[in-house]
Amino acid sequence: MGAGAVATSGENSGYAHLIDPNRKWYKNRRLVALNAWILLLLITSSTNGYDGSMMNGLQSIDHWRLYFGDPKGGKLGLFNAIQNIGSLAAYPFAPYVSDGVGRKASIFFGATIIPFGMFIGARFLIGFGLTFAASAAPLLVTELAYPTQRATLTSTYNSLWYSGAIIAAWTTFGSFKIQNTWSWRLPSAIQGLPAVIQVALIWFAPESPRWLVSKGRNEQALKTLAYYHADGNDQDPLVQYEYNEIKAAIDLDRTVAEKVGWKTLVATPGNRRRMRIIIAIAFFSQWSGNGLVSYYLNEVFKTIGITNGTHQLLINAYPPDVELGLGPYSASSLVEKIGRRILFISSTIGMIAFFTMQTICSAMYAKNGNNAAAYAVIAAIFLFFASYDLAYTPLIVTYTVEILPYQIRAKGFYVNPIALKKLGWKYYIVYIAWLTFELVFVYFFVIETKNRTLEETAVIFDGPENVDALAGVATNAVDEKGSDISIHEEKEKV
């Protein structure tokens, strides 16, 4: 595939003429209710953000270091990796639970596990349970959302990482002065609150129409689409289009699965292209240098002479506050306007620039103890994450919604603190070289998918003719029902 790998624009997507441009979601109580349920699903991501920021904060708390014997190097890596080891243990089972018993059941099961256990055991259980919840929640968000809001809401899923990080950072800062083990037990306990909320409410949320169709519960799927997307009108042209496109896509999936099975993943050029991008983006999201600061910020501080616990906790709190407003949410709103490719390329260029800045300034401090260079390292960290948040925070779910990159993350967590302790700022050079490779990859291989339905996005890798065929099935079904009336005429009828 050559440079500028762009799919057809999607501006004439099959459902576009069925959307009323004057219909505002915040003026429709059912869309407001739907987005409230989606918010319940989005908080799954905040648990992950909370964990990284909490672990950074705990490393500055004396009672935590005393209780666990001041973990360093490989031991510290194991403390951070244990949650992701739990995720790895759940990874083979989570997709089957989500597809077998439903998205809601998978979220409920995972959320039930998260709040239990003691510190190290709890971190394993959090990782185990979070995999079930995190494998189902973004799917349910994507499959429930109103078509014009799907990309933004799905992109917001990973962006809520920072809401959890902010709560954790300021909680550990507040508990820093507690002169007993509650200085670290309190922030650890708070991590389970999102799961408690989900356990209490998830069964009241709607189930995925796509999952319902896959289980033969077509009538319930149609009612769900109609209730939330068309005020209960199951003959609405948009609802009929979505419903018939879902049925056509699932029938196609079943046909392919019967003929090919698991080797479908690599059996066709389109699927090999999918797997190449999916694996690369998942790997890039964890190995772009972000893991160093997300879990080992204190070790980075030590390389530039910042050893005061209060100062460490304050700096730990500020980046999520700034990035929450400037990075992922802004990028989430741009997904459908400027597209995935531009965001990925811009994000990677920014990461290279600011990680290089961090490396140079760290080297300057190591050489002559220049305080200005140390402050510049902190600024570079802010700017690096602002660049990362342009694409990798919002789009890792949107662009590769079926990917759960925890299996990569566990290895990265264990290696980083050891290498950072041994090599100091020189370890950053490894990431600069890797980021350069990432830029080359995203430029040549990332395909644009904006302004597409979920089904169209899924088949776009097999060629535009497949997208047109799928859209044709849905459009023909709408026409057969006599629903090809303009939106304004339909409104007059109602």
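Any Cβ shown, glycine's included, is placed from N, Cα and C.
Nobody curates TrEMBL annotations by hand; they come from automatic prediction.
As the structure is a computational prediction, the values presented were derived from the model and not from experiment.
Feature annotations, reproduced from TrEMBL:
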DOMAIN    1-467  domain 'Major facilitator superfamily (MFS) profile'
TRANSMEM  31-50  transmembrane segment
TRANSMEM  107-140  transmembrane segment
TRANSMEM  160-178  transmembrane segment
TRANSMEM  277-297  transmembrane segment
TRANSMEM  342-365  transmembrane segment
TRANSMEM  372-391  transmembrane segment
TRANSMEM  427-446  transmembrane segment
Stretch in 31-50, 342-365, 427-446 most in contact with the transmembrane segment (277-297), if contact is a CB pair under 8 A = 427-446
Taking 3+ C-beta pairs under 8 angstroms (sequence gap of 6 or more) as contact, is the transmembrane segment (342-365) in contact with the transmembrane segment (427-446)?
-> yes
The transmembrane segment (160-178): which same-chain residues, six or more beyond its ends, come within Cβ distance under 8 Å?
-> 42-43, 45-54, 56-58, 60-61, 63, 184, 186-187, 190-191, 194, 309-310, 313-314, 316-317, 320-321, 323-324, 327-328, 393
